[in-house]
Amino acid sequence: MAQTQGTKRKVCYYYDGDVGNYYYGQGHPMKPHRIRMTHNLLLNYGLYRKMEIYRPHKANAEEMTKYHSDDYIKFLRSIRPDNMSEYSKQMQRFNVGEDCPVFDGLFEFCQLSTGGSVASAVKLNKQQTDIAVNWAGGLHHAKKSEASGFCYVNDIVLAILELLKYHQRVLYIDIDIHHGDGVEEAFYTTDRVMTVSFHKYGEYFPGTGDLRDIGAGKGKYYAVNYPLRDGIDDESYEAIFKPVMSKVMEMFQPSAVVLQCGSDSLSGDRLGCFNLTIKGHAKCVEFVKSFNLPMLMLGGGGYTIRNVARCWTYETAVALDTEIPNELPYNDYFEYFGPDFKLHISPSNMTNQNTNEYLEKIKQRLFENLRMLPHAPGVQMQAIPEDAIPEESGDEDEEDPDKRISICSSDKRIACEEEFSDSDEEGEGGRKNSSNFKKAKRVKTEDEKEKDPEEKKEVTEEEKTKEEKPEAKGVKEEVKLA
């Protein structure tokens, strides 16, 4: 399968400003706020100029029941913190309550996460983008009738079902530290979806993903599991990921790829035990992108939220084939990234328990399984079912140039490289970074002493205007789908 290096591809990105408001509860490791932090960081890096940004629609119950059972989705729609006592039996039945708590706006959170992934799949199907990104998606543990591992609705399965309307074969790759059990289970008996998961195995949630789990029936050999031990580093991960994925591409020949980019496989994750850097993690994105296939990039796990934001911002830049500086731009959550205020992280000194012999042995076993695959299966394509989302109306070329264009249309426009000056320094004084942030703190008190009250008033007004700018920009980017 042809590989290309550094090809610029069209990218669209889904984000809803409300997603950061949802709260699983005190002490719970899953924090949707990390999606807002990611969005704010990539805005301040200026990445929004190079891609189309959409606000996802809220997926409805009908869309969700394309995979999930009716009674499970009905339960998720009905349950609230104030009526939990009426649902105690169902909570047990659907595994809701501990890891997967009931919180305010639970169903709306699922709607946004799912809406972004399904809309991304529709965009890819219509060839309106090459890469679609939804960092609020990637909730890979949810089952047909059960919540699991902080996941309630499996947006990945629903997005893959949408892709299968147009694509004969879809490849799913999971680089979260946890096994992608919910997605594997959904497609365990089909040869149209291959699931490939690299994960920690052995006394670790969810406890599945053994090397010998290879699929069943028509799906035999279409589930690929690479069980790993603690402490895997960039070098070892790259040494297994590239050859395995090359062989998978050669044997399966997919026409679309879904990549779950769970960042709990990074060094220093609150729940993880791997030792990958952001660059090592992103090498997987880069490699999959090089096959030049329609690609859906999703979030997933990630519990040290400052590193989640760093990782997904950098991987958005990789998708855009854009280099961004290691020095973080000033942003709404700047203090989270101290004391170094840098984009990239260093690995720890933990031991890599994955010996070369162990990794080689697993790799050879997987190659043997992949050799058992028949040549890429042919599928008799039938009439294409209706898209999950109605087509957007209006042709930009036919619009009257004298009329003001809608916010939706203007936000879909991508700026040409030459349209802006080389400098990203917006506003007087330039874009703030760590050094002038610290300097500003030092001289603040001296400045205040010197200024007369009238001058102070003027400065306050100016600062107020500057502070409002990024927020306005963020709102501008959140576009409603037609």
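Just so you know, glycine gets a Cβ as well, placed from its N, Cα and C.
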* Asked: Which candidate from ASP99, ASP104, ASP234, ASP264 does Swiss-Prot annotate alongside ASP176, HIS178 at the Zn(2+) binding site?
  -> ASP264
* Residues with Cβ closer than 8 Å to the Cβ of ASP264 (Zn(2+) binding site), same chain and 6+ apart in sequence? -> ASP176, ILE177, HIS178, ARG270, LEU271, GLY272, GLY300, GLY301, GLY302, TYR303
* Among the binding-site residues listed here (LYS31, HIS178), identify the one with the smallest other-Cβ count within 10 Å. => LYS31
* Around the recorded Zn(2+) site, report the further residues of that chain (criterion: Cβ within 8 Å of the mean position of the Cβ atoms of ASP176, HIS178, ASP264; site residues excluded), sequence-ordered. => ILE177, HIS199, GLY262, SER265, LEU271, GLY272, GLY300, GLY301, GLY302
* Just name the most isolated of the recorded positions HIS141, ARG270, going by other Cβ atoms within 10 Å of its Cβ. => ARG270
* **Among GLY27, LYS31, LYS74, which are recorded as recorded positions, the nearest neighbour of HIS141 (active site) by Cα** => LYS31
* To do: Look up ASP176 (Zn(2+) binding site) in the DSSP assignment and reduce it to helix, strand or coil.
  => coil
* Starting from each candidate's C-beta and looking 10 angstroms out, tell me which of the recorded positions GLY27, LYS74, ASP176 has the most other C-beta atoms. => ASP176
* To do: Between the Cα atoms of LYS31 (1D-myo-inositol 1,4,5,6-tetrakisphosphate binding site) and LYS74 (SUMO2 cross-link), find the distance and write it as a whole number of Å.
  => 25
